[in-house]
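Features as listed in TrEMBL:
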BINDING   His101, His103, Glu108, His147  Mn(2+) binding site
BINDING   His103, Glu108  oxalate binding site
DISULFID  Cys23-Cys39  disulfide bond
DOMAIN    53-200  domain 'Cupin type-1'
SIGNAL    1-19  signal peptide
Amino acid sequence: MLHIFLLFSLIFTSTNVLAQDFCVANTDSGIVTPSGYPCIMEANVTSDDFAFSGLGVPGNTSNIISAAVTPAFVGQYPAVNGLGLSAARLDLAPGGVIPMHTHPGANELLYVVHGHITCGFISSANKVYLKTLKRGDVMVFPQGLLHFQINAAGKRPSLAIVTFSSPNPGLQILDFALFANDLPSSLLEKSTFLDDAQVKKLKGVLGGTG
C-alpha cells in the first residue's frame with residue numbers, strides 16, 4: 001500500500017512540475033503555427049500581460065460602414081495565446097453595420113451592452129436566423145457561418161462585446177472578398193449574377209480592380 005501511495009505521489013509531483021499554466025505569446029518571434037505563437041519566458045511575464053484595456057475605448061465609426069471593431073485577439077492581447085478564447089468590441093453608430101462576414105476559426109457569442117442590434121446568420125442549408133437584440137441579450141454565431149450585425153432600429157449608438165472560441169478567430173468580409181480584389185469583373189458577373197455596371201460600381205467603392 002505504501003508503494004502505491006509513493007507511486008501516485010511521484011506521478012502527481014512530476015505532473016505538477018511539468019504543467020504549463022499559460023503561454024503568453026511572443027508575437028515578435030515571426031513564428032505562428034495552428035497551435036499559436038511560441039511563449040515568452042515565464043520569468044519575463046508580469047501581471048500587466050494578463051490585463052487589456054483596449055475594449056474600454058470607443059471605436060471610430062466615421063467610415064463607410066458607420067461601425068468599428070476593436071479586437072482583443074492574440075495579436076493585440078498576447079495572454080490569450082493557447083487559451084481558446086478572445087474578444088472584441090463592436091461600436092455601431094445609427095445605421096451602422098458589421099457587413100456579412102465569417103470567422104473560419106471560431107464560434108462567436110455577442111452580448112449587447114446598450115442599444116438595439118439586429119443580428120443574423122445563414123446556415124449551410126441557407127436558412128436565415130434573425131433576431132433584434134436589446135441591452136443584456138446575447139446571441140451565438142456558429143463557426144464558419146456567414147453573419148452580420150446592424151444598428152437598424154435605434155437612433156443612438158449601440159455597443160456590444162463579443163467573445164470567440166479561439167485566440168485567433170480569423171475574419172473574411174464577404175463584400176471585400178468579392179469586390180476589393182483583382183478578380184476579373186467578367187468572372188464576378190457570371191458568379192454573382194450582377195451586371196457589369198453594378199460590379200464596377202462595387203469595385204470602385206471597395207477598392208477593387210479588374
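Don't overthink the numbers, they just go from 1 along the chain as shown.
Note that Cβ sites are derived from N, Cα and C of the backbone, with glycine treated the same way.
These numbers come from a predicted model, not from an experiment.
Shown here: features listed in TrEMBL, placed on the structure.
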residue	record	Cβ within 10 Å
Cys23	disulfide bond	20
Cys39	disulfide bond	18
His101	Mn(2+) binding site	18
His103	Mn(2+) binding site	22
Glu108	Mn(2+) binding site	21
His147	Mn(2+) binding site	21
Q.
Measuring Cα to Cα, how many Å separate His103 (Mn(2+) binding site) from Cys39 (disulfide bond)?
A. 25
Q: Taking Cα atoms as reference points, rank the binding-site residues His101, Glu108, His147 by distance from Cys39 (disulfide bond) and give the first.
A: Glu108
(Q) From the DSSP assignment alone, can you count helix, strand and coil residues within the domain 'Cupin type-1' (53-200)? (A) 25 helix, 55 strand, 68 coil
**Q.** Residue pair His101 (Mn(2+) binding site), Cys23 (disulfide bond) - Cα distance, angstrom, rounded
**A.** 30
Q.
Cβ within 8 Å of the Mn(2+) site centroid (His101, His103, Glu108, His147 excluded): which residues?
A. Thr102, Phe121, Phe141, Leu145, Leu146, Pro169, Leu171
Q. What Cα-Cα separation, expressed in whole Å, is found between His147 (Mn(2+) binding site) and Cys23 (disulfide bond)?
A. 31
Q: Provide, as an integer number of angstrom, the distance between the C-alpha atoms of Cys23 (disulfide bond) and Glu108 (Mn(2+) binding site).
A: 23
